[in-house]
Amino acid sequence: MTQENTWRSIVNHRLRYAYNEVSEQLFRDSPSGAIPTPRRRVSRYLPYFDESSSINETTTQEPHPEKNSSRIIKLNGKLRSVQLDGDMIINGALLRSLKAELSGSRRRKRWAYRDLFYPQTIWSDGVPYEFDPELRENRGCFSSVGRDTSQPEQPVNIGKGCYHFGVTTHEVGHALGLFHHQQRYDRDDYVTFSKKDVPKSYWLNFVKIPEKYLATYGLPYDVGSIMHYTPTEFASNAYLPGLLTADTNLQGTMGSLDGPSFLDVQIVNRHYQCYEVCNETETKPNCLNGGYPDPHNCTICKCPTGFGGDFCQLIEPSGTMKCGGLIPTSPRLTRMRIRLTAAGPGRRKCVYHIRAPPNRRVMIGLQSVSGVCQEGCYTSAVEMKMNGDFRPVGYR
């Protein structure tokens, strides 16, 4: 039996029925203003089980959102029948446990279900892995969420077209226990889901997970997370986003494939209790600007982008670029032009800190920015961190 058929065997009629029941309960338990439950057949809840990919534009059918989706959803077009939320495989045990909790079953304690949701089933002895060079056309990019004990081996599928660093780390994030970021219960404080711009059959992909099943570890929402949808994910029209940020300056940040953000790495460290290594040390570093002790070297800190030094007290070096540094301000308007020129292979960036005088604030106006225009602005962009918390990805 091929691996694809193995995954298909998981997604059977009973699993679909369980997912349907759980989904209805999640919709009912959502706070006011959340998505209403679409009263449709199971196949409407799970559009990926529909193998049809062609749409007749002359009919009144709902437009096919894959044409306007980001990379991962498009790459998985022919594997929709084995995936949920575009690239996640959730095993039956997790669904049955969640269903039991939602229905009020007391057969297990509450903490057991918390282990099954974000970030979930833990790899207690490290994460064993091996690379399988076998590639099959149209295999797609997808992963189970957390450790899946129902499988003898747990593949993270990186098929043809999925080799981008951001795509592979997104799938590894699922394997480590991360759901999609916009499923956080506090999403509506930061991102609005525009139901009118997404076909009803795809609303389920935007359901929020209730607080009692989701652990955020007190970390802030990050629209620049590698696990966050793009603004037009599943949208009917590429020019009408289904996700809108409350802070409009963050709209261009959503959907980054830049690799794990600072907070993506931090939440995995928190979930796997990597910090406990540093609790045994005699002295802990005084990490500044949102940094935290580095589990690999407890005398120094892991720093948010834009900061460097052992304690995140310095400006992050700009690499080989002869640019960056501290820019003092004055009451008068100051103009500056930043141009990144070729300086060898690899990524190029300039990091500046702009410091206002006491009791003053910095005001920035952009005249023009040139570069590649794409959702997430992860290949070329100006990024500004303006909100005092330097951990989330900033304005792009």
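Using the three backbone atoms N, Cα and C, a Cβ is placed for every residue, glycine included.
Neighbours of Glu171 (active site), defined as other CB atoms within 10 A of its CB across all chains, total 23. Taken from TrEMBL, the feature active site covers Glu171.
His180 (Zn(2+) binding site) falls within neither a helix nor a strand when secondary structure is assigned with DSSP, and so counts as coil. Summarising the annotation, TrEMBL assigns Zn(2+) binding site to His170, His174, His180.
Residues or ranges marked as domain 'Peptidase M12A' in TrEMBL: 140-275.
Here the domain 'Peptidase M12A' (140-275) has a mean pLDDT of 88 out of 100. For the recorded site, His170 (Zn(2+) binding site), the DSSP three-state label reads helix. Look at the Cβ of each of the binding-site residues His170, His180 and count the other Cβ atoms within 10 Å; the largest number goes with His170. In terms of DSSP helix, strand and coil, the domain 'Peptidase M12A' (140-275) has 46 helix, 14 strand, 76 coil.
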